[in-house]
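Engineer: Per TrEMBL, the feature transmembrane segment maps to 23-46, 58-76, 96-118, 138-162, 190-214, 235-256, 268-288. According to TrEMBL, the domain 'G-protein coupled receptors family 1 profile' annotation covers 39-286.
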Amino acid sequence: MKNHSVVSEFILLGLSVDSQTQALLFVLFLIIYLLTLMGNLMLLLVIRVDSHLHIPMYFFLGQLSFLDLCHSSVTVPKLLENLLSEKKTISVEGCMAQVFFVFATGGTESCLLTVMAYDRYVAISSPLLYGQLMNRELCMGLVCGSWGLAFLDALINILVALNLDFCEAQNIHHFSCELPSLYPLSCSDVSASFTALLCSSLLHFFGNFLLIFFSYVRILFTILSISSTSGRSKAFSTCSSHLTAVSFFYGSGLLRYLMPNSGPTQELIFSLQYSVVTPMLNPLIYSLKNKEVKAAVRRMLRKGF
């Protein structure tokens with residue numbers, strides 16, 4: 001075997017090299033992260049304390065808020081640290097751990113959004129049987145299955161990626177560690193890892209997207225069969241928040257992993273969208289568009305929580 005140096009750490013070049021720009025970005029992303037924490041924790045608290053929200057739809061929404069907290073916390077604290085420090089390094093082990101948890105939390109969110117689409121289909125197509133069909137055991141099974149499948153997918157990808165060799169190149173032109181950003185730094189064959197990433201992206205993320213699409217096709221046919229205009233409008237309104245969340249998530253995350261050779265600007269935009277911005281927007285989407293959540297927030301504030 002050829003002798004080559006072993007890289008022990010990478011350098012995250014981040015979003016800018018200008019100190020003033022970095023200071024402004026630090027303030028911006030700190031505000032976004034704090035809003036993410038407050039928004040999702042508030043939504044979790046509201047769902048927990050208000051008995052009116054103890055139904056499957058809000059159980060899944062609570063899981064989504066918890067996931068957004070986890071997903072954002074994997075990358076944003078390190079991003080904030082690097083914006084303030086001169087030495088913007090991360091160990092190889094830390095980088096691989098970040099890759100794993102980004103993939104695992106993102107994959108779980110993809111599965112959970114699919115579960116939520118199925119939940120909306122059951123609620124609209126069989127409203128009288130909704131409580132029986134979406135019982136607690138099924139809901140827990142769907143959530144646990146989402147976590148398990150995503151972590152298995154992430155584990156397969158990270159085990160393949162651990163075989164990559166890194167020699168002299170250390171600069172990652174990104175604010176976090178993701179597999180597509182590591183491929184240019186490897187001095188070994190990346191084809192196995194690239195194939196695993198592409199297959200898992202197609203099967204996991206795109207597969208979930210197709211399931212969501214088919215669920216909404218069925219929902220659309222069900223809604224069109226409703227005779228009253230008010231009934232159709234109410235059915236559409238129950239899906240609007242979920243559709244918005246799906247659009248934000250898949251509009252960025254899916255493109256990031258299905259287009260690993262896109263330009264650096266596009267990579268940063270896609271990654272910022274799904275790892276920083278979307279976790280902040282989800283609680284706003286469900287709070288502003290959902291009358292029951294707004295009513296629950298008002299009830300909680302009146303009680304003095």
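Heads up, the Cβ atoms here are built off N, Cα and C, so glycines get one too.
Each of these features: where is it, how hidden is it, and who are its neighbours?
Structural biologist: Remote same-chain residues near the transmembrane segment (23-46) are listed as 15-16, 53, 61-62, 65-66, 68-69, 72, 76-77, 79-80, 83-84, 276-277, 279-280, 282-284, 286-287, 293, 296-297, 300, 305 (criterion: CB distance under 8 Å, separation of at least six residues from the stretch ends).
Same-chain neighbours of the transmembrane segment (96-118): 57, 60-61, 63-64, 67-68, 70-71, 74-75, 78, 90, 142-143, 145-147, 149-151, 153-155, 157-158, 161-162, 176-179, 182, 204-205, 208-209, 211-212, 215-216, 242, 245-246, 249, 253, 274-275, counting only residues six or more beyond its ends whose CB sits under 8 Å from a CB of the stretch.
Listed as Cβ neighbours of the transmembrane segment (138-162) (distance under 8 Å, sequence separation of 6 or more from its ends, same chain) are residues 56, 59-60, 63, 96, 99-101, 103-108, 110-112, 114-115, 118, 179, 182, 192-193, 196-197, 200, 204.
Sequence-distant neighbours of the transmembrane segment (190-214) (same chain, 6+ residues past either end, Cβ-Cβ under 8 Å): 107, 110-111, 113-114, 117-118, 149-150, 153, 156-157, 160-161, 163-164, 179-180, 183, 246, 250, 253-254, 257-258, 260.
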Engineer: Same chain, outside the transmembrane segment (58-76) by at least 6, Cβ under 8 Å from its Cβ: which residues?
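Structural biologist: That would be 29, 32-33, 36-37, 40-41, 43-44, 47-48, 98, 101-102, 105-106, 108-109, 112-113, 115-116, 119, 139, 143, 175-176, 245, 275-276, 278-280, 282-283, 286, 292-293.
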